[in-house]
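Summarising the annotation, Swiss-Prot assigns ATP binding site to GLY170, ASP171, ARG172, GLN173, THR174, GLY175, LYS176, THR177 and lists sequence analysis as the type of evidence. Residues or ranges marked as site 'Required for activity' by Swiss-Prot on the basis of sequence analysis: SER363.
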Amino acid sequence: MEIRAEEISEIIRKQIKEYGKEVEVAETGTIISVGDGIARIHGLDKAMAGELLEFPGGVSGMVLNLEEDNVGAAILGEDNENIKEGTTVKRTGRIVEVPVGEALIGRVVNAIGQPIDGKGPINTSTFGKVEVKAPGIVKRKSVHQPMQTGLKAIDAMVPVGRGQRELIIGDRQTGKTAVAIDTIINQKGGDLICIYVAIGQKRSTVAQVVSKLQEHGAMDYTIIVSASASEPAPLQFIAPYTGVTMGEYFRDNGKHALIIYDDLSKQAVAYRQLSLLLRRPPGREAYPGDVFYLHSRLLERAAKLSDDCGAGSLTALPIIETQAGDVSAYIPTNVISITDGQIYLESDLFYSGVRPAINVGLSVSRVGGSAQVKAMKQVAGTLRLNLAQYREMAAFAQFGSDLDKATQMQLARGERLVEILKQPQYRPIPNEKQVLIIFAANNGYVDDYPVASLRRYESELYSFFDGRKADILAELRDKKAIDDDLKGKIVAALDEFKKEFTA
């Protein structure tokens, strides 16, 4: 084969013409030490707090500590063999962002918004910053719309409003997650988008939650963010912020969202681990000094926005696990003081068969009263007081046998009220039916029946109204209040049902 000089020179000329000189300028640093999800990096002098860093192997990181001669960063992903001492880390100049938008609904994502459900990539071009300031005072409006949980005990006595932060607190195995999942299932057919953030949970538990939600058709309006127990502490720390960023997208677009953090005790533990590894000084129970701010800045992002800002809302139900019922520990007291009330679940009640195991005396909703449906407020006004008096009397009645008639009647009524408020899991009840059963219990319609037959009384009452008195249910649903005319109809219908029901 003959080599022709003019051809070679032509090719070289062409290549020189097409040669484009691109210089990429990036600020880089070198890893000094790495381990337990924390890297110390030298040379990133201009890095910002909370900035996204690029580690080798496509792993991201987040700047947490800015020190004189190095930067402490959390690695948002599994430590891999590419991340070691001496490797190069790049600045991005961006704060950590996660995907947001409608495309996430029905998906299961990890702590940085990447899909983990095997359904392919998430098609969204919208991203939200993980750390943003909560809405100011002017942008907010007081809570005034109800957020129905479908649980009689909560909707009647500890009502939750849209934009509220209501803590669910209790020991392990008292049904905290069950309350949250029932609330999600109850939103079916409504306008609420739900986000469930699982922090430090077993993967099998998260899979169980997903399958239950699919079974009840609730994944059609739910996003699940999972940072399981086997994932590094930085991911467990950032997962709640990822979830709230996704919820804020709906809130800021005039929609309504509900976010559940299950649970924030595990996030605090992950943050404690990060802080100690970053050599921040420990405080009470070895938590860092800013652990209060960790939760307050997260929960303050749940809000009811004013009409000028689109009137959207983000409701938060954080969960905290107590140890042996100790509500006065550090993290529980912090979160109680941040939230607008708490639902306290008690293991003694749970094991005695009262489920949901809500302790009415210690549970409170500080702002939900103004959001409660008027009809429920009318029938449940005395319920809380009656139950509290019953509990007190029942405690005294253990010591004395000679009780007068009035006390015996009050104890019998209280026993029936407790029974009426019990509810099986995954069976939320619409508000109008809750109003009916509580109205019946308060007005003595169940006093003559044995406690054991009340579960059957309740289900047959619902069937009776569904089949023959659907107009009353519709009127309750539309009016949301009981006037004299409607009260007369309900009383007549309950009298009619009483003749038919046999215990």
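Backbone N, Cα and C define each Cβ position, glycine as well.
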Sparsest-packed of the listed binding-site residues (GLY170, GLY175) - C-beta count within 10 angstroms: GLY175
Pairwise CA distance, GLY175 (ATP binding site) versus SER363 (site 'Required for activity'), rounded so that it is a whole Å: 15
Chain-mates of GLY170, ASP171, ARG172, GLN173, THR174, GLY175, LYS176, THR177 with C-beta within 8 Å of site centroid, ATP: GLU321, LEU345, SER347, PHE350
Alpha-carbon distance [SER363 (site 'Required for activity'); ASP171 (ATP binding site)] in Å: 14
Cβ neighbours of THR177 (ATP binding site) where a neighbour is any other Cβ within 10 Å: 20
Among ARG172, LYS176, which are binding-site residues, the residue with the most C-beta atoms within 10 angstroms of its C-beta: LYS176
Nonlocal neighbours by CB distance (under 8 Å) for GLN173 (ATP binding site), same chain, sequence gap 6 or more: SER347, PHE350
Cβ-based isolation winner (fewest other Cβ atoms within 10 Å) among the recorded positions THR174, SER363: SER363
GLY170 (ATP binding site) and SER363 (site 'Required for activity'), Cα-Cα, nearest whole angstrom: 11
